[in-house]
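One structure below.
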Amino acid sequence: MPLGLLFKPHYLLRHRNPRLLFESLLTLAITLTLSWLSMLYLPWPFTFIIVLLMWSAVRLPRMEAFLIFLTTVMMVSLMMAADPSLLATPRTYLMSHMPWLPFLLILLPANIMTMVMYAFRAERKHISESETRFRNAMEYSAIGMALVGTEGQWLQTNKALCQFLGYSQEELRGLTFQQLTWPEDLNKDLQQVEKLISGEINTYSMEKRYYNRNGDVVWALLAVSLVRHTDGTPLYFIAQIEDINELKRTEQVNQQLMERITLANEAGGIGIWEWELKPNIFSWDKRMFELYEIPPHIKPNWQVWYECVLPEDRQHAEKVIRDSLQSRSPFKLEFRITVKDGIRHIRALANRVLNKEGEVERLLGINMDMTEVKQLNEALFQEKERLHITLDSIGEAVVCIDMAMKITFMNPVAEKMSGWTQEEALGVPLLTVLHITFGDNGPLMENIYSADTSRSAIEQDVVLHCRSGGSYDVHYSITPLSTLDGSNIGSVLVIQDVTESRKMLRQLSYSASHDALTHLANRASFEKQLRILLQTVNSTHQRHALVFIDLDRFKAVNDSAGHAAGDALLRELASLMLSMLRSSDVLARLGGDEFGLLLPDCNIESARFIATRIISAVNDYHFIWEGRVHRVGASAGITLIDDNNHQAAEVMSQADIACYASKNGGRGRVTVYEPQQAAAHSERAAMSLDEQWRMIKENQLMMIAHGVASPRIPEARNLWLISLKLWSCEGEIIDEQKFRRSFSDPALSHALDRRVFHEFFQQAAKAVASKGISIALPLSVAGLSSATLVNDLLEQLENSPLPPRLLHLIIPAEAILDHAVSVQKLRLAGCRIVLSQVGRDLQIFNSLKANMADYLLLDGELCANVQGNLMDEMLITIIQGHAQRLGMKTIAGPVVLPLVMDTLSGIGVDLIYGDVIADAQPLDLLVNSSYFAIN
C-alpha cells in the first residue's frame, strides 16, 4: 500500500543514484540478517526488529525504507510459516527472562525517539548551515545572483545585481526578467529555459543584454541552473549575472582597432613581410607582391628581393640589415626598386623577434610606397625656393611668427623697414623688433591684434619706427598659418608702406569734405554733421540752432571786380565768420555766396546773438581790391532744432524760408523762423507751381542722347544716356536738374517721370529695339519710391518690343539704399541700373554691396579738369577701384578734351561720354538715322 501511494511517472528514475543504491542494499542486508537472528535466538524478537526498522527509516528515503519494510515482513512471514513453533507458547528459558520485558518496553520508544530526534536535529542543522552558506554566498557575492521563478519573476536578488541594474530589491520583485531583457536576446534565453525545464540540459550560460533603470543597455554573462522538488517539479532558477560591460567595450575597442589597422594598411598600401632566419623563409602578404610587381606564384626569398633593389641602393640596404641583426635592434631603411613604370621609392621598417637564448629568430616588418611622398617633397622644396625668391623680391614687408609671437622669418623689405636683420630677429618677440605706435607720437602698440585691420589704411594711422631712424606709415594684415588639419602654427604679417598713399588719402578725404576755395566744410559734410546732430536730439534732449547766411550784393563785386576778387572776398569773409564762433560750431559753404551754420547745444536767443554779430561784422567789413573799397552785406535765417523739430528736410527748408524773409525784409537782418512764414512763402510760390504743372503736361519735352563708349575704342557706342530739355511757358529752355530741384511737390517728379517713359515707349522703344542700342533714362527718387510708377514702367516694358536688358535707368546713388526693394525689382525684370551723382563723398561705398547696380556715373565736375588736378585723378582712381570690387562699370563725363579722355583711360575708367565720343543729339534723330549697334 505505501509503495503504491508513492508511485508516480518517472519516480523510479529519480532514485538511480549509485551511492543511495549502495546504502540501501547494505541497510537491507544488515536489517534482514539481524532480524533473522532475532527471530531465532532473541526473546521477543519483534521488539528488536522494530528497532532495526526504525534505524532503516531514519537512514533512508521513504521509497527505500518501505522496500526494506516489505522485505523484512516477507522474511518474517516466511520464517513463521516455515517454523510454526515460533508462534507456540514461549519456552522455559524465555519465561525466565520475562521480568526484563517491561524494561524493553520502557527503553524501546525512548531509544527510537532519540534516534529520530538526533537524525532530525542533525538534518536541520545541516539544512540551516547550508542555507546560511547559500544566503551569505549569494548576498555578498561580487557578481549578481538571483532566484527567479519559473514564470520569470524575480524572487530574491543580491546587492550586486541591484547595483548592476539600478533597481532596488522591492522594485525587481515587481518585474520579470523578460521585461528587462534586450528584445534580440529574449528568444534565445527563453529557448534555453525551456530546455532546462524539460530536463534536456542541467544548466546553461550565455552573454545577454539587459535594460537598466536609466534605459541604457548593459551586457552580462548569465549562468542559470534549475532547482527542482524531490518529486522533480521545477521550483525556481538560480541565476548568476556577471557585469561584462567593460569587457564588451574592450572587445569593441580591440575590434575597432584591428579594423582600423587593417583598413589603414589597405588604404595606405602597406605591405607586411616576415623573415625567419634559421630556415631562411620569407613570407609576404598580397600587398608586398603588388609593391614589387612580382607574380603571386613566385616564392619570395632574399635573392628575389635583392634583385628588385636598384643596384645603387643594394650595398646600403645590405649594410643596414646586417647592422640591425648584429645589434639586435629595429631598422628603418629607404631604398628604390625597379618596376615596370620606372623607379619606386620604398620605406622598410622592421622589428626583431628574439628566441629564449636572446638571439634574433625572425624579423617582422612593413614596406610602404613612398614615391608620391618623395615627389611631393621635391615639389615642396622647389615651391619653397620659389616662395623665398618671391618674398625677397616683393615690395611689402613679410614677417612670419610662431605661436609664441616670436619671429621665424623676415624678408629684405621687413629688414629695411624695421632696421633688424633676419639673423638678429630670429626668436625675438615680434613687438620688440617692430616698434609700432598709433600715430607719429601716439602710444606704443602692445598687442599686434589691437589695431582694427578691417578699417581702411587712412583710418588706421599706424606708424612703424625703424631702429636706425625714420618711420613709415603702414597698413598691415595678419593671416594665420594652419596645418592640413586646421591646427594653428603661427601667423604671417604683411606690412605695406602707405606713407605716400596715406598722405594723398588724407588730402582726398579733406577735399571730399571741404570747400576748395574757403577751406570751410562743404555742403555734403555740412549735411552729414546735421544728420548726426539730429540723431542725438531724442536721446540728449538738447536744443540746437541752424542758421542760413546769404551774402548781399556779392554778385555786384564779382561782376565789377572780377571772379578773382569774388574768390578773395569769400575767403576773407569765411575767416571773419570763423573767428566769431565757438569751437563746437560748424560753418560751411553751401554753394556760391550761401553759408550754413550749425550751433550745437544753443538756444534761440544765443543763436540770434551769434548770428547778429556775424551779420553786423559782414555788413561793416571793408573789402579792398586793387585800391578800391567794396562793401557787401548778409542776411540770416535761424530755426530751432529740438524734440519736436528734427527732420533734416524740414529744418533746412525752415532756415531757407527765414533767410528769404530776411532778404525780403530789407537785407542785413536776422530772422527767426515762424510757421506763418512758410504759409506766406507757399502763397508766393503758388503761381510757379501751376506753371511747373503746365510745363510738364503741355509744353514740349525733348530727349537728348549722349553717346557712351570706351575711351580706348571711342567709335564703339552701344549705350546712350538721355537728358531732358524742357521749355517754359515763355519759350525759354529749362535745365532738367534745375527744374527738378525747384519742385516743391513730389507729384511733379512722378508726373515728369511718367511723361518721359510714356513718350519713350510710344515713340522710340520699337526703333531702339530694332537698332540694338541701349538707352539710359532718368528716374527720380520720388518716382523710384512710388510702387505704382515702378509697376507701370515694368508693364510698359513688358508690352513693348524692347528687350529689358537694353533699358538702363539712371537713379541717384544715395537712393539705392532707401529703395533697395524697387531697385531689385527692376533688376530682376532685366533692367540695368546706373547710379548717378557719384563724386567726392566716398561714404556711399561703405553701404554698397556687390552687384547692387551695373554702372557708376561720376559727377561731371570731377572729370572736368582731371588732366591737371592730381586730387581729382586720385579720387577717380579710388572710385574705379571700388567699382571693380563691386563688379560695376564706371561712366565719366562729359569729356570735351582728348587729353581728359587719355587721362581717364589711363586710370582705367570703363566708359566715357561727351563731345570726344559723339555730339549730343535728339533721340528721335538718333533712332531715325542709319546708326545701329550690335550687343
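Glycine is no exception: its Cβ is also placed from the backbone N, Cα and C atoms.
Remember, TrEMBL labels are computer predictions, not curated facts.
What TrEMBL says about this protein:
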DOMAIN    130-200  domain 'PAS'
DOMAIN    204-256  domain 'PAC'
DOMAIN    331-382  domain 'PAC'
DOMAIN    383-435  domain 'PAS'
DOMAIN    456-510  domain 'PAC'
DOMAIN    542-675  domain 'GGDEF'
DOMAIN    685-934  domain 'EAL'
TRANSMEM  42-58  transmembrane segment
TRANSMEM  65-88  transmembrane segment
TRANSMEM  100-120  transmembrane segment
Residues in the domain 'GGDEF' (542-675) grouped by DSSP into helix, strand and remaining coil:
58 helix, 41 strand, 35 coil
If you average per-residue pLDDT over the domain 'PAC' (204-256), what number do you get?
87
Provide the three-state DSSP residue tally for the domain 'PAS' (383-435): helix first, then strand, then coil.
26 helix, 12 strand, 15 coil
Do the domain 'PAC' (456-510) and the domain 'EAL' (685-934) come close, with at least three CB pairs under 8 A (pairs 6 or more apart in sequence)?
yes
Can you work out which residues elsewhere in the same chain, 6+ from the ends of the transmembrane segment (65-88), have a Cβ less than 8 Å from its Cβ atoms?
2-3, 6, 24, 27-28, 31-32, 35-36, 39, 49, 52-53, 56-57, 59
Across the domain 'PAS' (130-200), DSSP labelling yields 42 helix, 13 strand, 16 coil
With DSSP as the reference, give the number of residues of the domain 'PAC' (456-510) in helix, strand and coil.
16 helix, 26 strand, 13 coil
